[in-house]
Each structure stands twice: as structure tokens, then as C-alpha cells.
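The structure under discussion appears below in the form of C-alpha cells.
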Ligand code: BV8
Ligand code: ZN
């Protein structure tokens, strides 16, 4: 089984989805701008503040029933999780094979020499709009290992994800608006190769019309019982 997840799978953990209007400080921030390579180049302090806040916010949330269901499926099948999320909730729920096609909030590197940053992550007692990022020994700025708009996806995670989709007997697409490419092309690969694709999303998406079945349900409600429903859903 291959699961392709987006921000919606973490929504019931209290993590605002990418397109939710951010509450408070970042309500008027354009998520596309502050998650872009251009945004980082023009105001690294504001981009750093946003990621530092999201990094620390993850300590206050926990996996929900959807993440736990995906981890439990490993007792019955070989499960590969391809996630667009930069949070670590799949891993914290116990999933063993997780590929982060858009990177992670929990690893950092220098934007000049590329060296991994293993120093301490600055504290953030309360959200502030601007924080100067730490500096590498080479003088470069430290950034999170996330993939920004305009940046290439990590080769290894991408290759693992393509293999996981091509070799899957069933692909479960959960909690994604299916608009960000090239990641959104992965479920299309499954559809094109005739693999059953089950979409779980309270809203329709561009994938809905080609998915084998699209459940208008929340992840936390649909995933715990989904295995038992598979034969009826995909015949
Ligand atoms: C690249 C990491 C080239 C950071 C992210 C014009 C047309 C087509 C494409 C483009 C274009 N212009 C530019 C592009 C390319 C661009 C792109 O696709 N733009 C889109 C917006 C049009 N893509 C890129 O730039 C990519 N790179 O193309 O590089 C290149 C190649 C070689 C060399 C150099 C360059 C990079 C894209 C990655 C960007 N980084 N995230 C961070 O997270 O801060 S993407 C960001 O959006 C999120 O991380 C997430 O991955 C992605 C999609 O969001 P979702 O996860 O789907 O979340 P969203 O909020 O959208 O939707 C939530 C869904 O959940 C909803 O459908 C909702 O109904 C549902 N939901 C809500 N509650 C629940 C639920 N579902 C279930 N249960 C619930 N309870
Ligand atoms: Zn450096």
C-alpha cells in the first residue's frame, strides 16, 4: 500500500493546513510567498521566524487517528508513506517508511555551503514576525530542510516515492488539495498505470474525477476503518 498525504491528514491534530488562513501573526501572510525561494532571498528573517514557529508548534501537537491508522496498516501490508508534510506526525505515529517530498521542519542546513546544521535550534517563547537565522561557520544563513516554491524536490525522496507509487497495489491519497507539482503528479501516475486510487478529502479536488473512488470524509474518521472497506471500494 502507498499512502500519499498532505496537510489535511494533520488538520485534526490542530496543525493549520497550508491553505487555512493562518491565525494571528501570519493571518495576512501569503503562504506561497513565505514558502518560496524568492521569499527567503528577500527577507530570510521573516521566513526563518515562520519556520521556527512551525517547528516549535509541532512539539505541542500529536498524531491523530489517521496517522495512527496508517501506522497500524503495517501489521497487514507493506506500507510506504509519501508525504508533502514537513511535520513528523507520521513517524511519531509509528510509520517506518516515510518519504518527505517537500522536506522537513526538523533538519537544517547552510544555504551557502550546504553543511548540515547540528547546532541548537533557537527558542521561540512567543511568535514574532522577524528573527535573524543562525549563521554557519562559513558565514552562510541556516535554513530549514524544506522544499520552497521554485526549488527542486530531494532526489532520494522523489525516487523512493515514484517507486512506491509504481509498485503499489493500492494508493490512498489523503488530505491534499492536489495542486502542487510535481508531487501532485504521483497519484496521476497511479491512475495512469491502472492502480486503484482512493481519495479521502472532505472537499473535491482535481484528482476526484479520475480517482477510483473519492470519499468525502475526514481522514480521522475514514482511515481507521478503511482497510475493512477496501474490497467493497475497489472490488
Ligand atoms: C518546482 C514545503 C522546479 C514548505 C511546499 C504553475 C502551474 C503549475 C505548477 C507551477 C506553476 N507555477 C509554479 C509551479 C510549480 C510549483 C507549483 O506546483 N505551484 C502550484 C501552487 C501551482 N511547484 C514548485 O515550485 C515545486 N518545485 O516545481 O521546482 C524546479 C525543478 C528543478 C530545479 C529547480 C526548480 C516545489 C513545491 C513544494 C513547495 N513546498 N511545502 C512548507 O510546507 O512550508 S508545498 C505546500 O503546499 C505544502 O507543504 C503542501 O505540500 C502543498 C500542498 O498543500 P496540501 O498539503 O495539499 O495542503 P492544502 O492546504 O493545499 O490542502 C489541504 C487539503 O486537506 C484540502 O484539500 C482540504 O480539503 C483537506 N482537508 C482539510 N481537513 C481535512 C482534509 N482532508 C482530510 N481530513 C481532514 N480533516
Ligand atoms: Zn556554510
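Cβ coordinates come from backbone N, Cα and C, glycine included.
Please treat TrEMBL annotations as automatic predictions, because they have not gone through curation.
Some features that TrEMBL has for this protein:
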DOMAIN    1-233  domain 'Deacetylase sirtuin-type'
BINDING   51, 54  substrate binding site
BINDING   84, 85, 86, 87, 175, 176, 177, 201, 202, 203, 219  NAD(+) binding site
ACT_SITE  102  active site, proton acceptor
BINDING   110, 113, 136, 138  Zn(2+) binding site
Spatial neighbours of residue 102 (active site, proton acceptor), counting only the binding-site residues 110, 113, 136, 177, 202 and Cα distances within 10 Å: none
Pairwise CA distance, residue 202 (NAD(+) binding site) versus residue 51 (substrate binding site), rounded so that it is a whole Å: 27
Near-site residues: Zn(2+), ref 110, 113, 136, 138, CB cutoff 8 A to centroid: 111, 112, 114, 115, 137, 139, 140
Binding-site residues near ligand 1 among 51, 86, 136, 177 (Cβ under 6 Å): 86, 177
C-beta crowding around residue 113 (Zn(2+) binding site), within 10 angstroms: 11
By Cα-Cα distance, the member of binding-site residues 86, 110, 175 nearest residue 51 (substrate binding site): 86
Distance-selected binding-site residues near ligand 2 (C-beta under 6 Å), from 54, 84, 136, 202: 136
DSSP state at residue 110 (Zn(2+) binding site), helix/strand/coil: strand
Binding-site residues listed as 175, 202, least Cβ neighbours within 10 Å: 202
